[in-house]
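Asker: Take a look at the following structure, please.
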Amino acid sequence: MACSTLSKSPKDKIDPRDLLIPLILFLSLKGARSAAPGSSPHQVYNITWEVTNGDRETVWAISGNHPLWTWWPVLTPDLCMLALSGPPHWGLEYQAPYSSPPGPPCCSGSSGNVAGCARDCNEPLTSLTPRCNTAWNRLKLDQVTHKSSEGFYVCPGSHRPREAKSCGGPDSFYCASWGCETTGRVYWKPSSSWDYITVDNNLTSNQAVQVCKDNKWCNPLAIRFTNAGKQVTSWTTGHYWGLRLYVSGQDPGLTFGIRLSYQNLGPRIPIGPNPVLADQLSFPLPNPLPKPAKSPPASSSTPTLISPSPTPTQPPPAGTGDRLLNLVQGAYQALNLTNPDKTQECWLCLVSGPPYYEGVAVLGTYSNHTSAPANCSVASQHKLTLSEVTGRGLCIGTVPKTHQALCNTTLKAGKGSYYLVAPTGTMWACNTGLTPCLSATVLNRTTDYCVLVELWPRVTYHPPSYVYSQFEKSHRHKREPVSLTLALLLGGLTMGGIAAGVGTGTTALVATQQFQQLHAAVQDDLKEVEKSITNLEKSLTSLSEVVLQNRRGLDLLFLKEGGLCAALKEECCFYADHTGLVRDSMAKLRERLSQRQKLFESSQGWFEGWFNRSPWFTTLISTIMGPLIILLLILLFGPCILNRLVQFVKDRISVVQALVLTQQYHQLKPLEYEPQ
């Protein structure tokens with residue numbers, strides 16, 4: 001150990017103090033597992049486990065493509081690698097990380113005597129202090145680590161409980177007192193239920209001897225992660241331990257650390273002055289018309305050289321505006337293919353506010369992959385959430401009761417390390433976000449759940465009457481305006497079939513009789529709008545031509561004869577303003593809307609017209625209508641009811657008076673006269 005005054009009796013190796021209770025409390029305070037900020041837990045990264053020396057320099061590493069916190073390989077650095085640039089008693093204080101094994105080889109290696117060798121490794125080994133600077137010393141170190149009466153032990157440093165204050169710091173290799181060791185290869189076999197790793201030899205003694213004779217690193221360790229270590233997500237900052245040899249005298253030691261680093265697969269670096277606006281492409285200029293080829297003179301006998309045809313260039317990628325327009329065009333094509341009757345007259349509008357997409361749960365057959373597919377490594381800057389998911393489809397994982405209504409079939413992920421890839425045209429909508437593939441390891445380790453969904457843009461379907469009504473002065477609707485989304489009309493198209501329940505909304509697609517006249521004029525209005533846009537395009541084209549002419553004219557400043565037009569030999573050298581045509585077309589459109597407004601008002605009854613005269617008239621009528629009706633009923637039926645009530649009261653009073661009078665008189669008995 002660190003202090004030479006400590007006794008070396010085997011009985012002192014066992015610490016009677018029990019630290020289990022504070023250690024368990026410490027473990028219970030560890031934070032919950034989390035993936036990279038703003039990413040899906042199923043996303044695949046290039047993960048690297050690094051083993052560092054005492055100066056926190058990487059001396060050994062292993063990499064692989066896996067989701068975070070699912071890959072726990074066995075780390076096999078050599079013991080002497082941990083001593084690179086380490087304490088002087090290891091003999092490698094001047095060796096940089098990743099250096100080859102230093103020192104002369106043994107004279108009795110596997111290839112026989114070697115030039116410049118030092119000592120024969122077959123000679124009896126002495127009890128010299130084991131070092132790593134020669135093959136002989138590394139062979140001695142191998143004997144120490146495999147001997148039953150010697151060995152090595154490991155003490156935790158950065159993550160140990162606060163109660164273990166007597167274990168010291170890096171200067172004592174975190175093993176200042178007995179009882180601090182949690183793992184290692186010594187006869188008392190230290191262990192711990194809370195430490196993150198276990199450390200053992202990775203080679204047998206016979207295997208290590210032969211490797212040492214060949215002048216190689218021959219003391220590899222086997223570092224394995226414990227269950228407690230697999231629950232920790234602070235590996236990116238690193239954890240550190242101390243390792244000491246159990247030999248006679250003072251125990252030599254060193255410190256090492258383990259940390260994790262990860263990065264996205266394939267760098268995606270924007271190029272340009274503004275990475276945010278790199279994809280905001282401008283509208284492409286119209287391709288110039290090819291100039292007609294001039295035929296050579298008939299009398300010319302010189303052979304003409306045929307220039308090779310230019311290689312066709314690929315069209316530039318679509319900008320943001322083009323992508324939005326493609327969404328609407330794709331929605332129309334899909335709707336026209338499946339329901340052509342609904343595309344005769346309609347308006348498809350791309351929703352400008354969130355949510356921009358919605359999902360339809362579907363049933364499908366996913367595929368299993370033992371290695372991570374390419375689409376599993378696609379990085380996402382944010383976790384995408386579907387705020388609206390409808391239908392019933394395939395679910396996987398631990399689905400809560402609040403979301404079981406979305407599940408037609410619920411499956412459990414089997415054990416093993418593999419990936420579940422969604423079918424083409426679908427994605428997994430998980431409680432952690434959207435992802436094209438799932439990691440079975442993540443599903444088995446967590447309580448996540450996912451639903452197989454189709455992703456549809458929020459494109460709303462409107463009948464023509466709804467759009468024209470927005471231009472009318474009256475915004476009063478007898479019923480809520482129709483607003484069917486593309487997901488309701490085409491849900492389940494990818495997996496075969498239309499979403500259930502669409503038939504219940506077909507009656508809403510039928511316009512009222514008052515708007516039938518508006519439907520017939522849709523095509524005419526669209527033609528007028530098209531003409532306006534065409535005229536505007538001509539104006540912009542004419543303006544651009546003038547700008548180009550002016551630029552070319554600047555190159556001909558020294559040509560002073562005839563002016564700019566004569567020098568350029570242009571037939572047209574003025575700006576043709578067609579904005580007046582645009583104003584005329586828009587005026588015609590407004591006139592037609594006004595005519596339809598009058599036609600709509602003429603088709604209404606006199607009573608319906610009251611409610612369109614002013615916005616407060618409807619509120620006034622609905623407020624006083626109730627009291628007026630009650631007052632009218634009182635005036636009509638009040639006198640009759642009052643007379644009947646008075647007559648009833650009089651009858652009751654007369655009966656009471658008769659009863660009172662009868663009780664004031666007594667009936668006289670008749671007298672009997674006797675005959676005389």
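Glycine too: its Cβ is placed from the backbone N, Cα and C atoms.
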Asker: Where Swiss-Prot annotates a disulfide for C117, which of C107, C132 is the other cysteine?
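Answerer: Out of the candidates C107, C132, the one Swiss-Prot links to C117 is C107.
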Asker: May I ask you to indicate which of 77-80, 125-128, 617-620, 665-668 is given in Swiss-Prot as motif 'YXXL motif'?
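Answerer: So the range that Swiss-Prot calls motif 'YXXL motif' is 665-668.
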Asker: Tell me, from C106, C132, which cysteine Swiss-Prot puts in a disulphide with C121.
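Answerer: In Swiss-Prot, C121 forms its recorded disulfide with C106.
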Asker: Have a look at 327-343, 429-445, 548-564 and point to the one annotated region 'Immunosuppression' in Swiss-Prot.
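Answerer: The listed stretch tagged region 'Immunosuppression' in Swiss-Prot is 548-564.
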Asker: Hey, what's the Cβ neighbour count for C640 (S-palmitoyl cysteine) at 10 Å?
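Answerer: Taking all protein chains shown, C640 (S-palmitoyl cysteine) has 9 Cβ neighbours within 10 Å.
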Asker: So how many of the residues in the motif 'CXXC' (346-349) end up helix, strand or coil by DSSP?
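Answerer: Going by DSSP assignments, the motif 'CXXC' (346-349) contains 0 helix, 3 strand, 1 coil.
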Asker: Going by DSSP, is C640 (S-palmitoyl cysteine) sitting in a helix, a strand, or coil?
Answerer: helix
